[in-house]
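See structure below.
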């Protein structure tokens, strides 16, 4: 029995060791080496801090997956599902912290948040499909119900987990551990691969759901897939954005890319806007000692205002030029015999 049990016990340990080594290569050798070199070239010492290197990695991941999934949500006019799933993730975090507090275990709160948020995404779609509830009604019920569960779990533990959950509510750079950074990187790669594989049907369902159904595309399946992907993005971004503001990264970068024509180009522009907002926001939050989530959102909003204002000014200038050209042409026509 001992000889049989030994390999069964050793296998998970070997796998865990392999994962840790791979994580070390990615985080320390590749990403850490890149930022160390950048710190040496620019003289910005904060880039060499392992703590901030993890925060910047999380920021980059959030900037990529947020607009990647948010582009579909915004065009489907379903942006508020991000807020709903954020509150569901809050309930998941509360559940994980509650179990750890009561039973003295070490369940990762992000793992429970991911499970609860994914289930909530499926519940929303199930209510729409089978309970004849509108999407807005379904979102409202899941949002309020999730937040109610979270608040009950917090108070049931005599407030003992209230301190631990604050970081998840408002975002904190301190919550991004080595394991969390690795998990977020894996989620980012996974979301990117899934979106790439299902890109065509997702676009079809997003812009013409009726036509997609008529063409034989399982629209409900891809709607559920998009909801689950949203849950993954929400849980990943929650580490630095916080539950209260996490939905912003699904919407604001996409809105900032609004003037860009073409869905793929707009998606790329949204990722670029997200990168600027998250990296700048993390840097400013560190230097000024303020909340990372709020700083990122303020930077993103400033970018949106700047881009939208510039685009509007250019349109007005183009209209004036066209009007001036038309006036010159009309004057020239009057002078002809």
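Placed from the backbone N, Cα and C atoms, the Cβ positions cover glycine too.
Please treat TrEMBL annotations as automatic predictions, because they have not gone through curation.
These come from TrEMBL:
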type: TRANSMEM; residues: 55-73; note: transmembrane segment
type: TRANSMEM; residues: 85-103; note: transmembrane segment
type: TRANSMEM; residues: 110-128; note: transmembrane segment
type: TRANSMEM; residues: 148-170; note: transmembrane segment
type: TRANSMEM; residues: 182-202; note: transmembrane segment
type: TRANSMEM; residues: 222-255; note: transmembrane segment
type: TRANSMEM; residues: 294-311; note: transmembrane segment
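Residues of the same chain lying 6 or more positions beyond the ends of the transmembrane segment (55-73) and with a Cβ under 8 Å from any Cβ of it are 27, 31, 35, 47, 79, 81-82, 173, 176, 180-181, 184-185, 187-188, 191-192, 195, 202-203, 206, 226, 229-230, 232-233, 236-237, 239-241, 249-251, 253-254, 257, 263, 266-267, 270-271, 273-275, 277-279, 281-282, 286, 292, 296. Across 85-103, 222-255, 294-311, stretch 85-103 shows the highest tally of CB pairs under 8 A with the transmembrane segment (110-128). Tertiary proximity for the transmembrane segment (85-103) is limited to same-chain residues at least six positions away from its ends with a CB under 8 Å from its CB atoms, namely 109-117, 119-121, 142-144, 146-147, 149-151, 153-154, 156-157, 160-161, 164-165, 168-169, 227, 230-231, 234-235, 238, 243-244, 246-247.
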